[in-house]
């Protein structure tokens, strides 16, 4: 750079430095103009009012408020599944339908590639409509990656590695609080047992979920599919008319625990007979389990089951004596009102000429068949209610998970 350029540059800088001074001086000339107009005088006052905004120290407390930063509120419900059998796979389907994020599946007896096949194809509920594959060591369902483990014991499953999810215990093995607590030790936040439990708090959606206590209940049972069908029906009848006593029979589809042909059965000999060939009388704790969710019915209900040669959908027959006399039409109206109101999505009502296969894939816990029921008189009635013992029950498991999560927040 030449000396001349430097001089010019210095001159320019000097000129720039001098400019701000005149800029500050010109404001006074507009002031006289403002004085010429009497109206602008009130303007300075609003300007002063604008200066008052210093009270915005109030906004800082807003960001400082810790409640929104409490973390758990925005946290997303994540689910882990232990046991990829009938219920485990249908729980995954229900989660995908309801937008619940599944982060891991554990089953020591099923290879990951075979998991894809078993989840994709189902003889009862049909082929999965979305995409499913095994990619990069993970089960990928609808582009959603799910970690796969093959641990034999709950305490070995690395639930912490997948964010400590809510776990569905669907092996049918770890049914007690002590046995299921190993999931908690391994990092699970909550455990829902998809079967009756001898000692875990039992919940049936639509009946007693409000009794859930986040502070003391980290392991709970979703009861059985039959209890989920019977309890909503019994609740409506008992609250409206009163149940003096009752007997329940479930005509139940065969399950994986039965034999395709005659075989050994240590617990009950009849259970070992061919499931496809026989109607098999069997025991069930479903009726007595209702008293866990409706304590007022303790000592008033019991029941039994008939296992029949159908793959899915079962039906409950509740025969009971009413405390308050009522015509069958009044009973129908009470159930219809509950199905449209507080028990919508749990209890349903139909007057169609239906049969069992009409309910395959029905997500309700209990579908009251108004035309199938009968009454001997106004005090003694037989009530019939259908349920998809696989699909409907799996949806209730997911609903219970969501409810617990909402309360835990």
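Note that Cβ sites are derived from N, Cα and C of the backbone, with glycine treated the same way.
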NAD(+) site partner of 86, 87, 107, 152, 174, 389 (as recorded in Swiss-Prot), chosen from 131, 194, 197, 366: 194
Residue in 255, 260, 319 which Swiss-Prot records at the D-glyceraldehyde 3-phosphate site where 224, 225, 226, 284, 285, 307 also bind: 255
Cβ contacts of residue 389 (NAD(+) binding site) (under 8 Å, same chain, 6 or more positions away): 225, 226, 229, 252, 253, 255, 312, 313, 314
Distance from residue 284 (D-glyceraldehyde 3-phosphate binding site) back to residue 87 (NAD(+) binding site), taken between C-alpha atoms, in Å: 19
Which of 194, 224, 226, 255, 284, the listed binding-site residues, has fewest other Cβ atoms within 10 Å: 255
Neighbourhood of residue 107 (NAD(+) binding site), C-beta criterion under 8 angstroms, separation at least six: 82, 83, 84, 85, 88, 115, 150
